[in-house]
Amino acid sequence: MAFHHVSVMKQEVLSLLSPAPGHVVVDGTFGGGGHARAILERILPDGLLIGTDLDEDAVTNAQACFADVQNNFRIFHDNFSNIRAVLDQCGLAGANGIVLDLGVSLHLLEKSGRGFSFQREEPLDMRMDGSGGGPKAMDVVNAYSQDELARIFLEYGEERQAKRIARRIVQRREDEPITTSGRLADIVASAVKGKPGRIHPATRVFQALRIHVNNELAHLEKFLETCLDCLLPGGRLCIISFHSLEDRIVKRRFAALAQGCTCPPDFPVCICGNQPKVKILTKKVVKPSQAEVEKNPMSRSAKIRAMEKLAVEGSGAGGEDGRAKQ
């Protein structure tokens, strides 16, 4: 199956990640491999690129497209929240770089047939892992209470008309179950009051359902709790987010890791002994250029945050070769 995806802010990612020959780099959201191919060119001849993705189509495509560099490439059908376990499988202490692109691939939107897009009439599935397991989006909209649906739309979609939309869904599912993306989009559009906005009225509802079905924020939190253990000293982490929920989680975790002394400000000397664990590389989020937005409108809401793991006493200098740890 042809796999189409346009990578966002490729040059900015390369600049922040700074891959070099011999490095181990993990692309935790492999997709079509756009970022990965550019990274691989910079870590050859002795580097190792590791990819993870929940979408089996992405894994199959990667195996075919990167067959020419099989000694420098490994791909896993797994969630990025399990990168530490993946590194263990590879016999690695850590990586020199990790990149996550938290956006939904064009392939999932346009080719998967799983109802990710409100512009298509497809079965309302929304599971990124098409191999099965876990509830589908249609299970959620047909079985959850009105209050539960409203909470999901408000919490994960920041949808201000969440209660109104949830009420309409519950009403309409009594006529017949809601099983397709097109019908759900029509129901949401019929419930929304006010003049048409810049985005489709179903945008936030579809985002919320996708996040809930795939437990996306929990996986992001899990990864961020283990990210330091995944990086070698001097290793860098670069995360591209597309909505404020993800960005707030990343910003908060980066700030916590970069914080030093936590003693009250009126203490004359530090007694906590806490030291910063990372250096934040993006004092302000990096956004796409106007030229990129014009070329790829889907990039308009992208934001990059990046950090570098600081070397600690006894760990040696940063930037060491991850493959040497095998």
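Yeah, the Cβs are placed from backbone N, Cα and C, and that goes for glycine too.
These figures come from a predicted structure and were not determined experimentally.
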_Going by the S-adenosyl-L-methionine site in Swiss-Prot, where Gly33, Gly34, His35, His77, Asp101 are listed, which of the candidates Asp53, Asp57, Asp125 is also part of it?_
Asp53
*If you measure every Cα to Cα pair among Gly33, Gly34, His35, Asp53, His77, Asp101, the residues listed for S-adenosyl-L-methionine, what is the largest value in Å?*
18
*Find, among the binding-site residues listed as Gly33, Gly34, the one whose Cβ has the highest number of other Cβ atoms within 10 Å in the structure shown.*
Gly33
*His35 (S-adenosyl-L-methionine binding site) has how many other Cβ neighbours within 10 Å of its own Cβ?*
27
_Collapsed DSSP category at Asp101 (S-adenosyl-L-methionine binding site)_ = strand
*Asp101 (S-adenosyl-L-methionine binding site), number of other Cβ atoms within 10 Å*: 26
*Just counting, how many other CB atoms are there within 10 A of the CB of His77 (S-adenosyl-L-methionine binding site)?*
17
